[in-house]
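Summarising the annotation, TrEMBL assigns transmembrane segment to 26-49, 70-91, 111-135, 155-178, 198-224, 245-269, 289-313. Residues or ranges marked as compositional bias 'Polar residues' in TrEMBL: 351-362. The annotation region 'Disordered' is assigned in TrEMBL to 351-394.
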Amino acid sequence: MASPRLETFCCPNRDAASQLLLAFQPQVFCGVCLGSASAGLALSALQLLPKRGQGARKVPKAAASSSSTILLLISACDMLGALGVIFRSTVWLGFPDFVANISVVNGTDVWPAAFCVGSAMWIQLLYSAGFWWLFCYAVDSYLVVRRSAGMSTIVLYHMMTWGLAILLCVEGIAMLYYPSVSSCENGLEHAIPHYVTTYVPLVLVLVANPVLFSRTVTAVASLLKGRQGIYTENERRLGTEIKVRFFKIMLVVVICWSSNIINEGLLFYLEMQPDINGSPLKHVRNAALITWIIMGVLNPMQGFLFTLAFYGWTGWKLDLRWRKSEIPWESMSTSTAAENAYGLPSGNSVNFPDSKQTTAEPNHQADETLSMLSEGNLGSDERPPRNSPVYQGW
């Protein structure tokens with residue numbers, strides 16, 4: 001799981017609330033984290049691998065849009081974060097004597113502390129990067145509808161995501177462990193910046209993404225209503241698909257991380273009490289420990305849940321045969337202008353006509369753009385007719 005408490009576990013003078021968590025069934029908690037992270041990593045890989053019978057279509061490399069690339073990067077960050085949880089939990093369970101020396105500052109054996117700090121930074125950095133990529137996905141979805149996004153923007157997203165993730169992680173760690181690991185948690189001036197830098201990406205996603213998604217849905221509705229002056233069942237279904245897709249993404253974030261926010265609130269409340277072991281605080285302590293276990297289950301499962309939100313359930317039947325120039329995990333669509341394809345957030349492709357066709361068929365481009373924002377995974381019986389304006393997205 002991902003929590004700023006992981007870094008405070010490395011401090012020999014950790015606060016009472018962190019000590020409460022560390023002393024609560026560490027073997028059981030690490031086992032829960034190990035099982036959840038292993039299951040999440042395996043299921044995420046299963047979701048992304050190509051499957052038999054999906055009818056994957058060969059498309060040009062240009063068909064991979066910035067948004068579809070972002071979806072894969074979000075999954076990659078979550079999978080690597082889960083791998084860090086697996087590594088940390090395995091060492092914690094398999095080498096208890098090594099872990100026992102983590103917070104013992106003897107000046108000779110620095111490897112336990114290095115493992116503690118390094119593994120905690122690994123987990124925090126990858127999950128923070130995943131949040132920044134999720135924010136970029138919301139921005140890119142809005143820009144796609146506004147015809148302002150393209151593959152060139154992915155470079156800017158990389159710079160912003162990795163730059164901010166590394167900057168905040170290093171700054172928070174430096175403030176926490178300044179001037180050394182032995183003096184961390186020595187006052188709020190050490191702890192508060194670390195907690196702030198850890199939760200800034202999560203708060204940004206919880207606050208900004210719903211606003212951006214809402215604006216995207218509004219813009220999509222305007223395009224749907226303004227294409228031909230009518231609002232048919234096909235347009236209504238397409239708009240609903242986009243709303244559901246965005247709702248599922250935010251639902252995964254809330255499910256996986258609301259326990260973190262509740263847990264930190266309870267722990268900060270305990271830290272403000274003169275004696276956290278007092279009987280009046282029994283229910284607060286129990287609630288903090290329960291949410292701590294829930295975090296260990298839900299945080300590593302985020303990657304798998306995101307793949308369900310992005311692509312739906314892709315099945316069990318793997319097809320590991322090599323296919324050149326193919327993106328098997330995306331639902332790509334065929335086109336009569338495949339050499340000029342552009343992919344949108346759903347992972348489908350939209351094909352821009354040449355300059356002459358663009359002026360003659362403005363509504364056709366809008367139809368393709370809107371259709372590509374949907375998931376593109378309805379059954380064949382639910383697809384619009386061939387003469388429908390939205391057929392181009394299938």
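Keep in mind that glycine also has a Cβ here, set from the backbone N, Cα and C atoms.
Keep in mind that TrEMBL annotations are predicted by a computer and have not been checked by a curator.
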Cβ under 8 Å, sequence separation of at least 6 from the ends of the transmembrane segment (26-49): give me the contacting residues as numbers and ranges.
1, 72, 75, 78-79, 82-83, 85-86, 88-90, 92-93, 292-293, 296-304, 307-308, 311, 313-314, 316, 318, 320, 328-329
Near the transmembrane segment (111-135), which residues from the same chain, at least 6 beyond its ends, have a CB less than 8 A from one of its CBs?
1-2, 4, 6-7, 9-10, 70, 73-74, 77-78, 80-81, 84-85, 87-88, 91, 98-99, 101-105, 157, 160-162, 164-166, 168-169, 172-173, 177, 181, 198, 201-202, 204-205, 208-209, 249, 253, 299, 302
